[in-house]
Amino acid sequence: MKAILSRLFNHEELTRKEAKNLLLNITRGMYNDAQIAALLTVFQMRGIKVEELIGFREALLTTRIPIDFSAYTPIDIVGTGGDGKNTFNISTCACFIVAGAGYHVAKHGNYGATSVSGASNVIEQHGVKFTNNPDKLTRSMEECGMVYMHAQLFNPAMKSVGPVRKALQVRTIFNLLGPLVNPCLPAYQLLGVADLPQMRLYTNVFQKLGIGFAVVNNLDGYDEISLTDEFKVMTNRYETIYKPSELGFSLARQEELYGGNTPEEASKIFNNVLENKATKAQTDCVLINASFAIQAMEPAKPIEECVAIARESLESGKALNTLKKFVELNS
């Protein structure tokens, strides 16, 4: 570890193989918490390179419990987390709107590491019992178009760094890795990132991996489209900065997207959105993220049509019915 840290301090890059072996050693318990914290800190300060990130991804995928949903060509909708904004569960809400619109969603998530309520927290609040049983998950995909995979059941290696991540309370390379290690290797991905350098990083990674993608960033630092400012979208086909008004949305205020002080409060907001009882700012924020997820799967559709599809899923009750069926199947 000392030699690796020295190289990183000198701004040297690791090869894909070196990065893979480094993370495999961490998952095998070969380093203590102080060493892991030092490693996470130096990567946060100097930044991670494309080949390093792919190497880390390969390490975690080596140790994962795989599951095959390739027949469904699903999408995962996720943010890197760690943006410090403590928003409600926007990506997870968007998943149910997309599934309600008839698409297949394979959501991979975890408990909140730097926020009150991560995806696993809000899903668990509904009485869902996490599983890695392929038969149960396939039934959920078949009957409601939505699967939730709790990261710790599929990526047991992540447990070894959980306490360090919680103690640091800042974004780390594991926030960057989380969206890349969905155990079913989804065909599509909507990924929210907190800054423009991350957009470039992930765009390069997704292009090398051959994944259909949309990477989004609100220019005021949210790791999702928050509508609190202009936002940028990068896909296989285009790179554009949008103003919310260009797509028929109002500008939101940061406090309108607050996720609450407890998982219970976050769950209430989540339910309000899918019951179509939320505030306009909360609803619009979820709809716009769901819309770009739909376009990631159907790139020929203009974004205005994707917004209409997402809105119909919510306002018709299809998104809520998807949630109810999902809870019934997974409780």
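Keep in mind that glycine also has a Cβ here, set from the backbone N, Cα and C atoms.
In Swiss-Prot this protein carries:
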| type | residues | note |
| --- | --- | --- |
| BINDING | Gly79, 82-83, Thr87, 89-92, 107-115, Ala119 | 5-phospho-alpha-D-ribose 1-diphosphate binding site |
| BINDING | Gly79, Asn110 | anthranilate 1 binding site |
| BINDING | Ser91, Glu224 | Mg(2+) 1 binding site |
| BINDING | Arg165 | anthranilate 2 binding site |
| BINDING | Asp223, Glu224 | Mg(2+) 2 binding site |
From Gly79, His108, Asn110, Tyr111: binding-site residues whose CA lies within 10 A of Asp223 (Mg(2+) 2 binding site): Gly79
Alpha-carbon distance [Glu224 (Mg(2+) 1 binding site); Ser91 (5-phospho-alpha-D-ribose 1-diphosphate binding site)] in Å: 8
Assigned element (helix, strand, coil) containing Tyr111 (5-phospho-alpha-D-ribose 1-diphosphate binding site), judged by DSSP: coil
Candidate with sparsest Cβ neighbourhood (10 Å radius) among Asp223, Glu224, the listed binding-site residues: Asp223
Neighbours of Gly79 (5-phospho-alpha-D-ribose 1-diphosphate binding site) among the binding-site residues Asn110, Arg165, Glu224 (Cα to Cα, within 10 Å): Glu224
Pairwise Cα distance for Thr87 (5-phospho-alpha-D-ribose 1-diphosphate binding site)/Arg165 (anthranilate 2 binding site) [Å, integer]: 19
Under 8 Å by Cβ from His108 (5-phospho-alpha-D-ribose 1-diphosphate binding site), counting only residues of that chain that are 6 or more apart: Asp76, Val78, Met149, Ala151, Phe154, Gly178, Pro179, Val181, Asn182, Pro183, Cys184
Long-range Cβ environment of Asn110 (anthranilate 1 binding site), under 8 Å and at least 6 residues apart: Gly118, Ala119, Ser120, His150, Ala151, Gln152, Met158, Gly178
Residue among the binding-site residues Gly79, Tyr111, Arg165 whose Cβ has the most other Cβ atoms within 10 Å: Gly79
Rounded inter-Cα distance in Å - the residue listed as 'anthranilate 2 binding site', Tyr111 (5-phospho-alpha-D-ribose 1-diphosphate binding site): 12
